[in-house]
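Have a look at the structure below before the remarks.
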Amino acid sequence: MLARIDHFFNSITMYRLVLYTLAALALVAVILGFLGMLPSTGGQLAGSAVFLPLLCFGANKVCAALWRAPVNTESALITGLILFFVLSPATNPKELGMVTLAGVAAMASKYVFAFYGRHLFNPAAFGAFVLGLLGSGQASWWVATAPMLIPALVIGLAVVRKVRRFSMFFSFLIVSLVSMSVSAAKYDIFALSTLTESFVSWPLIFFGAIMLTEPLTAPPTLRLKICYGALAGALMTVPFHVGPVFSSPELGLLVVNALAFFFSQKRRLSLRLGTRTACAHGVYEFSFIPDYRLSFRPGQYLEWTLPHGGADTRGIRRYFTIASSPTERDIKLGVRVSDKPSSFKKALIQLAPGAALTACHCAGDFVLPNDVGRKLGFIAGGIGITPFRSMLKYLLDMQQKRDIALLYASATPDGFCYEELFTQAQKELSLKYIPVVTNIEKAGEWKGRKGFIDEARLKEAVPDYRERRWYLSGPSAMVDAYKKLLRHSGVRRTAIITDYFPGF
């Protein structure tokens, strides 16, 4: 069941999934409103659900024109839908003015509080915070009602599953619940009733799953994400004030957004295409010239933005691993292009030398361990070889030897990339390089290993496999299959690292 869900999630971008799930949740809310199960009527909710996304869409268009920035329609619609769940529907002209102000402030914050093309705050949280400063009670977080709990939980878990932010989400949830339980104990309130009431009267699920997990305002590594979630949980539930500004969910999120900024890539990369090379059947390497030297660790990824007409359901943004090493001047990107590519890949293939795109949000924990004496095993499938290309090129340039075994699986013999680099690594780093053609029928005159890697083949190729830390990169189904193989073969769970980034 989970495999089918993940297959669907992997066929759609994070932005589209969030947009569609929020729209579905809004429809549920409108229906519940017509059934009299929510504080507002169905008509009021329907009006707000239409007005706020359209308002944010229009405000974003105007701001983008003023700042001469590319328009991200999906992001604006998502912000409008989030505000729909945070702000009470307007019932008079004054309230309508407040709601309008929140929407405009939310979209303007993406441009006013942006540094080198990267926005600092969650837009919806900023819009709600502005209303709080003005003393408006519109930021009611009405989504935190009993009838909305289960729908919000289903939608929230879908988003968390897609972006793989469970550690962040649960650190936020645990700290929030512990904090509220401690506060309740001071007043001799029964803890269990406090926990039950917390889920109904506080927007824990919606806030933690939908707003906190936004990748662009979150820190880049797992440890920082856990701390980020925990701090957000504390700030949301522990009462405090700075002068006339009192604590609120939106203020807590803005504070952790600001802190995360200091640990993240500060500046959006502007990239110009240098060369495009076919490095294997259906695989291309793009070499881009950046406007500044990016600091990153081998194996990390970037979010790439390529505006183009006729964008399909996968949108104009994609996450790709950086194939180059930090020691190289250019930023390299390896992409497999199928017979029916997405609109993004079509636009990428059609880029002329000198054409520009942008990238940001350098992140990921799929990196080499600090212990240079640790034995490592790499398993790559198809284009999943790119993080290992980055790592091995880095080790070659730094003249740093490590005990590494690389198993590289390809369906056909003409699907292998970067073989010259791996041959060099065999000579200079003593790399154990084991290419495997998995489709025996298409192996032809291939003299190397054939067939899927099973326990016997793994033991034959890498006898000391249980002593190694394993890194798996490739299609989700392949990664899951080899993770099960390694676990079944006696490799500890903590010794298996998998490559994942939103939108893979």
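Every residue, even glycine, has its Cβ placed from backbone N, Cα and C.
These come from TrEMBL:
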- 17-38: transmembrane segment (TRANSMEM)
- 75-92: transmembrane segment (TRANSMEM)
- 99-119: transmembrane segment (TRANSMEM)
- 139-159: transmembrane segment (TRANSMEM)
- 166-183: transmembrane segment (TRANSMEM)
- 189-210: transmembrane segment (TRANSMEM)
- 222-240: transmembrane segment (TRANSMEM)
- 266-369: domain 'FAD-binding FR-type' (DOMAIN)
Interface check, the transmembrane segment (166-183) with the transmembrane segment (222-240), three or more C-beta pairs under 8 A:
yes
Mind checking which residues reach the transmembrane segment (139-159)? Cβ under 8 Å, same chain, six or more beyond either end.
9, 17-18, 21-22, 24-25, 28-29, 32, 37-40, 85-88, 102, 128-129, 131-132, 199-210, 213, 248-250
By DSSP, what is the split of the domain 'FAD-binding FR-type' (266-369) into helix, strand and coil residues?
7 helix, 44 strand, 53 coil
Limited to the domain 'FAD-binding FR-type' (266-369), I'd like the whole-number average of pLDDT.
93
What residues in the same chain, six or more past the boundaries of the transmembrane segment (99-119), come closer than 8 Å to it by Cβ-Cβ distance?
48, 51-52, 55-56, 59-60, 63-64, 66-67, 69, 75-76, 79-80, 83, 87, 89-90, 126-128, 130-131, 134, 138-139, 216-217, 261, 265-268, 270, 358, 360-361
